[in-house]
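Quick look at what TrEMBL annotates:
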REPEAT    A:74-108  repeat 'PPR'
REPEAT    A:176-210  repeat 'PPR'
REPEAT    A:246-280  repeat 'PPR'
REPEAT    A:377-411  repeat 'PPR'
REPEAT    A:412-447  repeat 'PPR'
Amino acid sequence: MSSKRLLSSTARFRPFPPMIKNYLDCSQNTPIQLNTAYAPKASSFLATDLIKSYFEKGLIREARSLFDEMPDRDVVAWTTMIAGYASCNEHAYAWGMFCNMVRSEMNPDEFTVSSVLKACKGMKSLSCGVLVHGFAIKHGIQGFIYVDNALMDMYATCCASMRDACMVFRGIELKNPVSWTTLIAGYTHGGNGHHGLQVFRQMLLEEAESNPYSFSIAIRACASIGCQNYGKQIHTAVIKHGCESSLPVMNSIVDMYCRCGCLSEANQYFHEMTQKDLITWNTLIAGYEKSDSSESFFIFSQMESNGFRPDCITFTSVIAACANLAVLSCGQLIHGGIICRGLEGDLALANALIDMYAKCGSIADSCKVFTELSCKNLVSWTSMMIGYGAHGYGREVIELFDDMVESGIKPDQIVFMAVLSACSHAGLVDQGLRYFNSMMDDYNIKPDHEIYGCVVDMLGRAGRVEEAYRLIQSMPFTPNESVWGALLGACKAHCLPNLGKLAAQKVLDLRPQLVGTYVMLSNLYAAEGKWGEFARVRKLMKGTEIKKEVGRSWIEVRNEVYSFAVRDKAGPHIGWVYGVLEWLIQHMNEAGYAPLDCLTHDLEDGT
DNA sequence: TCCATCAATC
């Protein structure tokens, strides 16, 4: 009997539920294995198959309706629902399904457990994951490689440390390639690329099978620590193993070269690739964004003519490139493109827009994007706070910080950096110190060099230089050059030559190649009339043979970018620039502020 | 019916 006839007779005697019928009507490939379709078990198999197909097509509601209509749901049907939800990133629904399943006294098996663990991972919920782990032990669902690998993945993603993931890994008697890849990925995604590489090395030593999965994650590990040497070695191994045909592997190689600063290599491999996908393009665009933003625009302009539609990841990099170049009109144009494509709901992209508008000087637009966000994360708040801070709105930053904490988001070190830097620039010293203490006392965040540098800068700007020095002396670790540099800046601004000389000497001990420090130190001596010392330092500076690169500023006015440097005399609009500068100085004087002498001294040095 | 890899934001 042909399948077609079977199908029609089935339809006649045992009508399909509407959902199945709907599927059959629109399906090109009519299901043919229906020779036992009269039996309820077979009908359940069929329905489960259809549920899976629905999930694969992203038809989540259809899958659910069909499941709800099933009279007899076996463990496979339940598991298919859980796995389907998890694969569509509907992790909370997957978890709900699992809970319903247990409540319905249906016994989950090893397939169910590994599927629901994926949902726990997606929700980043350690408590759910631990619950499932306990459930599996209690019900004797142990010793299955799928379950162990999923457990590792869950622990690696949900725990701050890799301890539990390692414990599961050690307990696996016969590790498969997935076990190794999961462990390496756990370390690498957790920010410990070195350890990831160690595990990869161990894997090779134990002669475990390497495949495209392990290669791409190992290369990702090299990329994350910027280690070009290991990256090249693994690249060689990739060629030896014939894994060059794997797109993920080649994409990770392009990414590795970008992150290691080898853009010409990255570009070369990109062009040599016979097959490219959206990730390949996004990788190169993101790679260039960091070091050569204009070039990333060029690559972006080429991708569409090569048949690739930019997605939110592409736009995030391109918007970051606009921010780096501070090109407002270009950013606005691309923002328009984002809205046209309906991508403005992507959170990372919206956060990049907040940052871009702030860096392009349009803080009102930053604020608009921020306010219109229905769901804000830590990065959204941080971007807005950094933007406000850079524009001198210290009080707004403090308000935002308090609102953020109120909304239940836990601040991290970067947010504190934003608050402290804003307080520093707005002269809100006492508030800043309160946040500094709160960071340590309430949130148990240990300040690093950058934070100390920021607080030293804040105290120094306000003239509390002695206090800044005492803070440096109380630091629990050796201060670095940026901390001493902050003190040096303060000494210079408030004319404290002795402390300034000490700070300058510390900076020079740590970073002898910083030319600006020699200039500052020599100026301190010059101010005291100690010309012998002045000459000694200048000679020392000449000995380094390092030229300070001239600082350059640029501004976009009416679609045109104007760029100028210190003592620039050329250029068609330089007269305007000096005119505005003089106007500013005049207003400054009228408002009761005088330009600092040492500042003008530096300007004359061309530094 | 189930597991692992590559691209984005402060």
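Any Cβ shown, glycine's included, is placed from N, Cα and C.
TrEMBL annotations: computationally assigned, not manually curated.
Not measured: the values here are computed from a predicted model.
With a cut-off of 8 Å between Cβ atoms, the residues of this chain six or more beyond the repeat 'PPR' (A:176-210) that come close are 145, 148-149, 152-153, 155-157, 162, 165-166, 169, 217-218, 220-225, 227, 230, 237, 241. Residues 347-348, 350-351, 354-355, 357-359, 363, 366-367, 370, 418-419, 421-423, 425-428, 431, 435, 439, 443, 445 of the same chain lie 6 or more positions beyond the ends of the repeat 'PPR' (A:377-411) yet place their CB under 8 Å from a CB of it. DSSP assignment over the repeat 'PPR' (A:412-447) gives 27 helix, 0 strand, 9 coil.
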